[in-house]
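Features reported for this protein in Swiss-Prot:
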- 1-18: signal peptide (SIGNAL)
- Asn21: N-linked glycosylation site (CARBOHYD)
- Asn44: N-linked glycosylation site (CARBOHYD)
- Asn85: N-linked glycosylation site (CARBOHYD)
- Asn122: N-linked glycosylation site (CARBOHYD)
- Asn140: N-linked glycosylation site (CARBOHYD)
- Asn234: N-linked glycosylation site (CARBOHYD)
- Asp307: active site (ACT_SITE)
- Asn437: N-linked glycosylation site (CARBOHYD)
- Asn474: N-linked glycosylation site (CARBOHYD)
- Asn515: N-linked glycosylation site (CARBOHYD)
- Asn611: N-linked glycosylation site (CARBOHYD)
- Asn676: N-linked glycosylation site (CARBOHYD)
- Asn698: N-linked glycosylation site (CARBOHYD)
Amino acid sequence: MRSLISVAVLSALPTAFSQANTSYTDYNVEANPDLFPLCLQHLNASFPDCASGPLSLTPVCDRSLSPKDRATALVSLFTFDELVNNTGNTGLGVSRLGLPNYQVWGEALHGVGRANFVESGNFSWATSFPMPITMMAALNKTLIHQIGTIVSTQLRAFSNAGLGGVDVYSPNINTFRHPVWGRGQETPGEDAFLTSVYGYEYITALQGGVDPETLKIIATAKHYAGYDIESWNNHSRLGNDMQITQQELSEYYTPPFIVASRDAKVRSVMCSYNAVNGVPSCANKFFLQTLLRDTFEFSEDGYVSGDCGAVYNVWNPHGYASNEAAASADSILAGTDIDCGTSYQWHSEDAFEDSLVSRSDIERGVIRLYSNLVQAGYFDGEDAPYRDITWDDVLSTDAWNIAYEAAVEGIVLLKNDETLPLSKDIKSVAVIGPWANVTEELQGNYFGPAPYLISPLTGFRDSGLDVHYALGTNLTSHSTSGFEEALTAAKQADAIIFAGGIDNTIEAEAMDRENITWPGNQLDLISKLSELGKPLVVLQMGGGQVDSSSLKDNDNVNALIWGGYPGQSGGHALADIITGKRAPAGRLVTTQYPAEYAEVFPAIDMNLRPNETSGNPGQTYMWYTGTPVYEFGHGLFYTTFEESTETTDAGSFNIQTVLTTPHSGYEHAQQKTLLNFTATVKNTGERESDYTALVYVNTTAGPAPYPKKWVVGFDRLGGLEPGDSQTLTVPVTVESVARTDEQGNRVLYPGSYELALNNERSVVVKFELKGEEAVILSWPEDTTSDFVSSIDGGLDRKQDVIA
């Protein structure tokens with residue numbers, strides 16, 4: 001018998017299993033999944049009644065039992081149809097038991113993003129913070145944690161009001177490898193260490209700590225793994241098969257997921273659309289069991305959710321399975337517990353009837369989901385922790401103004417000839433360009449309604465300056481019809497602010513950029529404005545970098561600022577930086593490459609190391625052999641700083657001694673601090689400013705080739721007045737100085753190492769590792785990349801399922 005959910009929807013919806021091959025969408029090219037309404041549905045959320053409802057006499061309501069035992073008891077009560085109905089992100093619940101439906105799909109990338117917002121009044125908005133790419137540029141761990149804490153509080157308020165669940169598909173902890181990637185804006189940048197720390201802080205803030213007794217919000221680390229291309233050159237994310245060496249999987253693509261699982265104790269992980277080395281991520285037992293659970297220590301009770309439609313994609317377009325039922329079976333057995341989509345709900349019964357999966361196989365994932373809902377207090381009534389959070393808490397946390405602080409701290413000053421901050425003699429400004437008067441664009445993507453959105457134009461008007469506004473040109477326009485109005489406005493002002501760059505019409509989910517140049521004729525208009533002989537400040541907005549070399553080289557462009565996606569208070573933050581009310585201290589967390597970088601080798605080449613044969617010049621700041629326009633870690637101040645240290649030689653450390661010394665407070669010896677990088681930072685200029693620090697390591701220990709350097713720590717010092725000094729102390733962990741061999745093992749190699757402060761290397765501290773090399777993470781052998789599915793009777797991995 002077809003499951004109840006199928007009976008309910010078959011008459012209303014087209015189904016994949018009823019379509020002929022000729023009607024299939026070619027998802028090798030199309031990057032947007034065609035999700036059924038059931039998957040996309042917003043539900044009226046409610047909590048189970050454990051006081052007097054049918055569930056009240058069942059073990060799921062017994063708080064003396066463990067979350068897993070409670071969940072197991074609940075799922076054991078389901079009929080087979082009821083079980084299947086709760087395998088998708090839109091779970092139908094079980095009405096006869098009083099178990100309400102539940103929507104797993106929530107969003108909290110930089111604020112509450114997918115709740116059931118009402119039209120006006122209470123619960124019509126939530127705080128909209130800067131995008132993660134801008135957050136991370138602040139280099140402030142405390143700020144990231146604050147934001148995550150506020151977001152989790154606001155999520156709980158919506159949940160308690162019946163407007164959302166207690167889990168989210170956030171954060172995105174993929175690394176921003178290639179500059180054309182449309183979703184790089186959602187990430188903390190191109191560095192795996194920074195991404196790992198960001199993930200740790202955001203996850204533990206969302207969840208209410210490291211493995212708390214009661215989960216505040218269930219976080220989901222996504223997209224696991226090797227996912228960083230949307231649609232480049234018609235290579236769809238839904239069908240991409242990314243070829244990645246075990247060395248670089250271990251070294252670059254998975255460390256954020258190790259930290260999320262082992263250290264932050266994240267309770268959910270999302271497997272990605274793409275395949276890696278021939279195996280779709282959601283059907284990859286090596287990824288989901290051998291690595292994630294056995295090696296990365298992801299909780300046995302944590303659940304894996306497929307990206308939305310990714311289980312279906314195991315069949316179409318990957319061709320790894322012969323049909324959608326086999327794709328469901330492959331994914332269930334590999335370890336994908338919940339299907340964001342409808343494949344499990346519509347086809348796991350077929351898989352069961354064909355003896356591809358057992359009831360217990362299907363139960364495992366549903367038990368894991370409900371185990372986490374139990375731990376989040378979902379079944380524990382109004383006296384459960386966090387159930388007292390209300391709309392008043394949304395109002396109070398928004399009033400903390402952290403969205404403004406995050407925008408200010410994430411702004412990066414790329415170029416300045418002392419034009420900034422603007423002189424007090426400047427009384428009027430012309431605000432020109434396609435980003436000048438935007439509002440919603442400030443939010444990037446995955447956002448909900450904000451309480452307000454302050455455009456750059458409004459920000460300058462609120463600063464007290466006399467403002468002249470002209471659009472000038474649109475982002476992608478080649479028309480010069482607005483140039484004259486822009487030039488007229490500029491001539492009337494003492495200084496010119498051009499706000500442009502890119503936005504989510506150019507970089508987005510399912511849409512990579514074709515190039516990394518400034519789109520349209522924005523540079524032409526900037527060039528004409530630069531000929532007027534007035535102070536000219538350019539705001540480069542958007543998540544991904546564009547080649548601003550012409551602006552860097554133009555002496556008449558006096559200052560250049562990267563603002564990213566600064567959120568609801570972005571306009572005030574930008575204006576306050578430019579007028580000098582606040583001082584910039586952000587640093588780029590991506591490399592700004594010259595335009596030709598995006599043209600000389602395929603964006604789907606996942607190899608970081610340079611390769612003359614393929615034309616790959618090396619990817620990320622660690623391996624790039626060319627000259628960037630602006631380096632990763634670049635960022636200027638309004639003041640000057642002097643950095644010094646008492647010693648430039650930290651001595652030597654015996655590897656075996658380090659690893660065998662007791663490590664109280666750490667689960668593994670490699671997590672402990674090897675040494676503290678310490679420097680005195682003095683403000684030698686005339687303006688108060690924060691100071692940001694990146695600490696790099698470099699070495700020729702271990703296998704060649706050698707990365708130029710890599711990040712091992714960072715910090716932000718606040719509010720240094722002129723003449724003041726502060727001590728910078730950055731812990732450097734044992735595992736952060738390890739390298740990766742060709743098999744993927746993380747190894748401590750004996751040899752000489754240097755720690756350097758920022759790109760300028762203003763402080764350099766040497767140390768030496770002695771003794772025998774030692775493996776601190778053994779990378780298991782991947783036996784699945786050449787795996788031929790026994791479920792499918794030995795079919796080839798990549799079938800031609802598209803007509």
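Please read every residue number as a count from 1 along the shown chain.
Here the Cβ of each residue, glycine as well, is placed from N, Cα and C on the backbone.
Each of the glycosylation sites Asn122, Asn140, Asn676 was ranked by the number of other C-beta atoms within 10 Å, and first place falls to Asn140. Asn611 (N-linked glycosylation site) falls within a strand when secondary structure is assigned with DSSP. When secondary structure is read from DSSP and collapsed to three states, Asn122 (N-linked glycosylation site) falls in the coil class. Here the C-alpha separation of Asn676 (N-linked glycosylation site) and Asn698 (N-linked glycosylation site) works out to 16 Å.
Cα spacing between Asp307 (active site) and Asn437 (N-linked glycosylation site): 35 Å, rounded to the nearest whole number. Cα-Cα distance from Asn515 (N-linked glycosylation site) to Asn474 (N-linked glycosylation site): 18 Å (rounded to the nearest whole number).
Checking each of the glycosylation sites (Asn140, Asn437, Asn474) against Asn698 (N-linked glycosylation site), the C-alpha distance stays within 10 Å for none of them. A gap of 16 Å separates the Cα atoms of Asn44 (N-linked glycosylation site) and Asn122 (N-linked glycosylation site). For Asn437 (N-linked glycosylation site) paired with Asn122 (N-linked glycosylation site), the C-alpha to C-alpha distance reads 27 Å. Across the fold, the C-alpha of Asn611 (N-linked glycosylation site) and the C-alpha of Asn234 (N-linked glycosylation site) stand 24 Å from each other.
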